[in-house]
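According to TrEMBL, the protein has these features:
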TRANSMEM  6-30  transmembrane segment
TRANSMEM  42-61  transmembrane segment
TRANSMEM  81-101  transmembrane segment
TRANSMEM  108-130  transmembrane segment
TRANSMEM  142-162  transmembrane segment
TRANSMEM  235-256  transmembrane segment
TRANSMEM  276-300  transmembrane segment
TRANSMEM  321-341  transmembrane segment
TRANSMEM  347-367  transmembrane segment
TRANSMEM  379-398  transmembrane segment
Amino acid sequence: MYLVESKGGAIACMLLALFFLGTWPAILTLLERRGRLPQHIYLDYTITNLLAAVIIAFTFGEIGKSTIEKPDFLNQLFQDNWPSVLFAMAGGIVLSLGNLATQYAWAFVGLSVTEVISSSITVVIGTTLNYFLDDKINKAEILFPGVGCFLIAVCLGSAVHASNAADNEAKISRFSSDYKAGTARKDDSVSKTTYANREYSENEIGTIEKAKFGTAHFLMELEEKRAIKVVGKGTFIGLAITFFSGICFSLFSPAFNLATNDQWHTLEDGVPHLSVYTAFFHFSVSCFVIAIILNVNFLYNPVLNLPKSSLKAYLSDWNGRGWALLAGLLCGFGNGLQFMGGQAAGYAAADAVQALPLVSTFWGILLFGEYRRSSRRTYVFLISMLLMFIVAVGVLMASSGHRK
C-alpha cells in the first residue's frame, strides 16, 4: 500500500486535486448550458466517479507488501471494521447530496460564485472540525486566520452574485425597452464571422452571427438553449441551494477523517484503521448509490420545472456523454488525491483544495464569459473575492502539520 509521507508530497497532491476539482464543475456547467438535462449529466458523471475510486484502490491500495498494521486494500476489505466503513459511507452520502445540489445552483448563481460560497462554508465548518479531530496537528495561529479569509469570501461572493444579477436584469430590461421603441442596435450585441458557403459555391461568402459575451442578446440566447431556465426566478433559490451544498460539503471530510483515524475509538482492539484507499472505496460506493437513486427519481419526477425523462431516453442520449464521463474521473481522482494529502499533512490543511473556485472562475470567465460587460462594482467585488481566496489557500497550506 502506497502512502504519502512527506509534506511536499502532500502539498503536491493538494495542488493536483485543486486543478481536478476546479475543472469538473466547468465541464458539467458547459453541458447544461448546451441543453443536456442535468439528470442525464449526473448519471454519467457518477459512473466514472466510482470508477476512479476503484482504480485508485487496486493500484495505490495494492502497492507494496501487506502487513497486519497496514493491510492492503483487498485484505482490509474483509476485516471487521464496519464502524469506520459507516463513517466513510456517511461522508459519501453528504458529498453526493452536495454535488447534486451544486449542479442546479450553477445555473442560478453562476459557476464562480457557487463554488466560492459552497467552498468557503466547507472550510469554515469542515476545517474547524478537522482541526480538532486531527489532534491540532495544524498550526492554529496560521490555520484560523485562513478560515477567516474564507468567511470574508462568502460575503464577497454573495455581493458578486447580487451585483451581477442586478447588472443582467438591467441589460435585459434596457434591451427590451429599446426593442419596443425600435431603437435596439443588434450590431452592438453580435459579432459576425465570415465563412465559405459550400452548399452553393466555393466563392460565395456568408456570415454567422454570434452573440457577444455579457450582452442582453447573449443572456437571452443562453436562456433559450440551456436546460435549467433561470430568467425571472429570484436569487434566493440559487443562494439557498448553494448554502445547502456548502453545509453538505463541510461534513464529508470530517466523516472521512473519522473513518481513517478512528478518533472516537469505535474499532475493536487489534483492528487496524481503514487505509485511505479502503475508506475512499466505501465512500465512493455510497456516493454512487445515493446519486443513482436520486437521479433516477428525478428522471420521472424532475425539480425546478425541468422536463420529464426516462431511463430509455437517458441511455439513448449521447450528446456530451464523453465530457460527463471525463468530469466524473476528474472529480474522483481529485477527491482521492485530497484524501491522500490529508492523511499525511492533516485534513484541515487538505481543505485548501476548497480554493477550487480559483480554477472554476478561470474556466467560467474563459468558457462562459461570466462577468463580461458587468458594472465596475461587480468587478471590484469579484477581484476582492479572488484575492481573498489566494490569500486563504496560501495560509491554509502554510498551516500543514505532519501526522505522527
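Cβ atoms are placed via backbone N, Cα and C, with glycine included.
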Looking only at the recorded stretches 6-30, 42-61, 235-256, 321-341, 379-398, which one has the largest tally of CB-CB distances under 8 Å to the transmembrane segment (108-130)?
235-256
Quick one: do the transmembrane segment (42-61) and the transmembrane segment (235-256) reach 3+ CB pairs under 8 Å, ignoring pairs fewer than 6 apart in sequence?
no
Stretch contact, the transmembrane segment (276-300) with the transmembrane segment (81-101), Cβ-Cβ under 8 Å, 3+ pairs:
yes
Between 6-30, 81-101, 142-162, 321-341, who has the most Cβ pairs under 8 Å to the transmembrane segment (379-398)?
142-162
I'm a bit unsure how to read this: which one of 81-101, 142-162, 321-341 has the highest number of Cβ pairs shorter than 8 Å with the transmembrane segment (6-30)?
321-341
Six or more residues out from either end of the transmembrane segment (81-101), which same-chain residues have a Cβ under 8 Å from its Cβ atoms?
42, 46, 118, 241-242, 244-249, 251-256, 258-260, 262, 266-267, 271-274, 279-280, 282-288, 290-291, 294-295, 331, 335
Report, as numbers and ranges, which residues of the same chain sit near the transmembrane segment (321-341): CB under 8 Å and 6 or more residues beyond its ends.
4, 9-14, 16-21, 23-25, 27-28, 30-31, 36, 40-42, 44-53, 56, 60, 95, 99, 253, 256, 260, 276, 279-280, 283-284, 349-350, 353
